[in-house]
Amino acid sequence: MYHGMNPSNGDGFLEQQLQQQQPQSPQRLLAVILWFQLALCFGPAQLTGGFDDLNVCADPGVPENGFRTPSGGVFFESSVTRFHCQDGFRLKGSTKRLCMKHFNGTLGWVPSDKPVCIQEDCRIPQIEDAEIRNKTYRHGEKLVIDCHEGFKIRYPDLYNLVSLCRDDGTWDNLPICQGCLRPLASSNGYVNISEFQTSFPVGTVIAYRCFPGFKLEGSENLECLHNLIWSSSPPRCLALEVCPLPPMVSHGDFICHPRPCERYNHGTVVEFYCDPGYSLTSDYKYITCQYGEWFPSYQVYCIKSEQTWPSTHETLLTTWKIVAFTATSVLLVLLLVILARMFQTKFKAHFPPRGPPRSSSSDPDFVVVDGVPVMLPTYDEAVNGSSSALGPGYPASVGQGCPLPVDDQSPPAYPGSGDTDTGPGESETCDSTSGSSEMLQSLYSPPMCQGGSRPAPDTPDTISSTAGEVASTSPGIDIADEIPLMEEDP
């Protein structure tokens with residue numbers, strides 16, 4: 001029975017050594033059984049001498065970065081053990097060891113050197129915020145990495161900007177990808193970054209905030225610059241004075257913003273309100289804590305409200321009052337306009353327009369009708385019914401008679417003599433002026449007599465006598481000299 005591995009694994013040297021020692025005596029087997037029984041009773045420490053007498057090989061050990069099979073037990077003569085290395089390492093020397101007797105009769109391992117696991121290749125380093133280009137690195141090769149955007153490569157040795165793979169599988173002067181280091185934060189404030197992040201790429205902006213009751217002193221925002229330093233020093237949060245309890249209000253209370261009101265720090269706003277049935281005496285109901293004092297500093301009071309809603313009857317009465325007042329105002333304005341108009345009319349009647357009176361003798365007004373000058377009546381004549389329409393010295397014609405000059409009028413010597421005295425020229429003049437006389441008689445009523453009676457209508461005798469007294473147009477009045485009718489062309 002062997003406490004080890006069976007050496008039949010194809011190793012010629014070990015198989016040859018074992019074949020020479022194949023016969024085993026029964027006495028040796030009994031000795032091993034006896035030794036185990038004594039070890040259970042007295043312990044292995046008291047049987048050291050006996051263990052040496054049994055001729056077993058010492059424990060070969062386990063190489064660093066490796067392991068062996070079997071991992072434990074007692075190794076007697078002809079026992080075999082195997083050694084293995086972890087990934088990335090290789091075993092230096094033989095992987096098998098044989099327990100065999102030397103020439104002096106003692107047992108030992110063949111080969112006798114201790115197994116060693118050496119690193120075959122340099123492992124890929126774990127560099128934060130970097131990408132490794134190659135996957136395997138042999139002895140003497142350089143490490144090639146790319147840092148993430150915003151980070152820069154930094155070497156421990158500033159004079160040796162390269163990292164090489166050593167013989168033992170380790171790296172020399174291993175670099176890192178570095179950004180701006182995490183800045184300090186105030187104990188009374190906070191920043192908008194993760195507590196596990198230690199390096200920040202270029203362009204990162206960190207915002208500082210203070211807890212309520214503290215004021216920020218310094219720059220509020222910090223930026224990571226290209227030289228991997230922050231734009232300014234971290235700010236501080238300084239404690240502010242806390243305002244006292246707001247003034248209490250009878251029949252009311254207050255609420256604060258922001259809530260809850262654990263401390264009345266700088267910037268806290270208090271809003272007052274009254275209980276139902278009460279109202280504030282002032283329209284302004286807010287006060288603000290500013291550097292330990294309330295602003296504005298005034299006392300707030302709540303008084304009982306006495307407001308009553310008007311009834312329907314009172315509302316209608318108020319509406320009618322408004323309508324009546326509006327209608328009365330409109331009527332009064334209209335009455336004033338009418339009175340002003342009447343006063344203006346009477347004023348014009350009593351006070352005629354100013355100006356010098358017209359003189360009919362000095363500056364007569366004439367109208368020429370069919371070549372005959374006709375005097376226009378004055379205002380008084382038109383009102384009183386006067387019909388003196390001819391110019392001075394020309395009496396009004398009656399019926400179909402023609403006007404005659406005053407100087408030339410003479411009663412006929414004999415009745416009916418007007419027919420014989422009238423010349424042909426005078427008859428034509430009478431015919432031409434008869435139309436204008438009829439028009440004037442239609443415009444003006446006949447004048448009243450001095451006694452108040454109308455003149456008697458013209459009789460045929462009168463008409464015939466008047467017709468005979470037709471004035472000649474050639475002598476008497478020079479019409480062209482008195483009134484220019486039309487400017488003739490030369």
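The backbone N, Cα and C atoms fix where each Cβ goes, glycine too.
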For this session: If you have Swiss-Prot open, could you say which of Cys256, Cys261, Cys289, Cys302 makes the disulfide with Cys274?
Result: Cys302
Problem set entry | Selected from Cys41, Cys85, Cys99: Swiss-Prot disulphide partner of Cys57 | Cys99
Seminar exercise, completed: According to Swiss-Prot, of the residues Asn134, Asn384, the one annotated as N-linked glycosylation site is Asn134
Exercise. Considering the candidates Cys85, Cys165, Cys177, which is the cysteine that Swiss-Prot reports in a disulfide bond with Cys122?
Worked result: Cys165
For this session: For the disulfide involving Cys210, grab the partner from Cys224, Cys237 as Swiss-Prot records it.
Result: Cys237
Problem set entry | Per Swiss-Prot, cysteine bonded by disulfide to Cys243 (from Cys177, Cys180, Cys224, Cys289) | Cys289
Problem set entry | Cysteine from Cys180, Cys256, Cys261 that Swiss-Prot links to Cys224 by a disulfide bond | Cys180
Exercise. For the domain 'Sushi 2' (120-179), what does DSSP give as the number of helix, strand and coil residues?
Worked result: 0 helix, 19 strand, 41 coil
